[in-house]
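S.K.: Sharing the features that TrEMBL gives for it:
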- Glu172: active site (ACT_SITE)
- His273: active site, proton donor (ACT_SITE)
- 51-71: compositional bias 'Basic and acidic residues' (COMPBIAS)
- 12-39: domain 'Protealysin N-terminal propeptide' (DOMAIN)
- 81-179: domain 'Peptidase M4' (DOMAIN)
- 183-310: domain 'Peptidase M4 C-terminal' (DOMAIN)
- 43-71: region 'Disordered' (REGION)
- 240-260: region 'Disordered' (REGION)
Amino acid sequence: MRALAASNNPYGIIPPHLLNRVIQRGNEQQRRRALTTLNLDDGFRGHAARRQADTMHESHAPDDGDSPQRHIFDARHGMQLPGEEVRSEGESETGDREVNEAYEDLGATWRFFHEVFGRDSIDNAGMALLGTVHYGHEYQNAFWNGQQMVFGDGDGEIFLPFTRALDVVAHELAHGVTEIAVGLAYANQSGALNESVSDVFGVMTKQYAAQQTAEEADWLIGAELLAEGVQGRALRSMAEPGSAYDDPVLGRDPQPGHMDQYVETEEDNGGVHINSGIPNHAFYLIATALGGYSWERAGHVWYDTLLDERLTRGPLRV
């Protein structure tokens, strides 16, 4: 089976600007953890890992079209990927909460794309879903490296284990769908659109699993990740960009909700996690205006557009 090409920009759910705020404002331990996370660059966390993941994809058959093919690995707080395989498709639960959450969330994401859009895994050809838990020591992120999902455990003070949030898992896997469908450049406006597409599919996956209508949903991304004591509701709000958190350490949510508020910055690849609030809010407005389930109409518009060959890397217009 053909695996996805290695990503030059492993996608992480926690943006650099947020980690930088922790480095600036956190206590000594919080600063150290955030700096360690931020310093795991592409080559360090990705090169050998992607090479090993290629081998894993070659050794694991694609799914049969009717069910996912999941393989969960344990890094045991190291950084060697993929780690030791601890649960594969069809096996019963282990005693490890993060292993079981990763397994269930990968399955829920596969079912969403399969049942709603008829898509067979990330590449639409049954690609096995690989996930590694317990990556690093108190690593404060989750990322898609072009081949597999990787989950940190967080520090318990600011961020909880990254397997807690289904929408985050779906967000990262959606980066793989975007890579293979259109390859949006991961910088500036194109990068913001790339991030937004992942937020859209992430929030729809969460809503689909809960069978929530657009009116019933909270439209939050990563609501399960913030530790007790953090002054915030989530990482991002699609309903009210800029309102997700306002915390002494994390600062204030910088997302705009309209192109009039577009943020020009050199940080975060040109603000990809910041300006994604603009198309995020557009999806929210359309889905709630149409009513019912977001994936039934608005979701199909977004998915069909993603597959449209006319989609270019030009400026986004909302």
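Heads up, the Cβ atoms here are built off N, Cα and C, so glycines get one too.
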S.K.: For the domain 'Peptidase M4 C-terminal' (183-310), what's the mean pLDDT in this predicted model?
M.R.: 97
S.K.: Could you give the number of helix, strand and coil residues in the domain 'Protealysin N-terminal propeptide' (12-39) as assigned by DSSP?
M.R.: 21 helix, 1 strand, 6 coil
S.K.: What same-chain residues lie close to the domain 'Protealysin N-terminal propeptide' (12-39): Cβ under 8 Å, and 6 or more beyond its ends?
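M.R.: Non-local partners: 136-143, 152, 155, 157-159, 162, 168, 171-172, 222, 225, 235, 248-251, 254, 267-268, 272-274.
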S.K.: If one looks at the chain holding His273 (active site, proton donor), which residues at least 6 apart in sequence have a CB under 8 angstroms from its CB?
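M.R.: When sequence neighbours closer than 6 are ignored, His273 (active site, proton donor) has Pro15, His17, Leu18, Ala192, Glu195 within Cβ distance under 8 Å.
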S.K.: Measure from the Cβ of Glu172 (active site) and count the other Cβ atoms within 10 Å, all protein chains considered.
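M.R.: Around Glu172 (active site), other Cβ atoms within 10 Å: 28.
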S.K.: How many helix, strand and coil residues does the domain 'Peptidase M4' (81-179) contain under DSSP?
M.R.: 38 helix, 17 strand, 44 coil
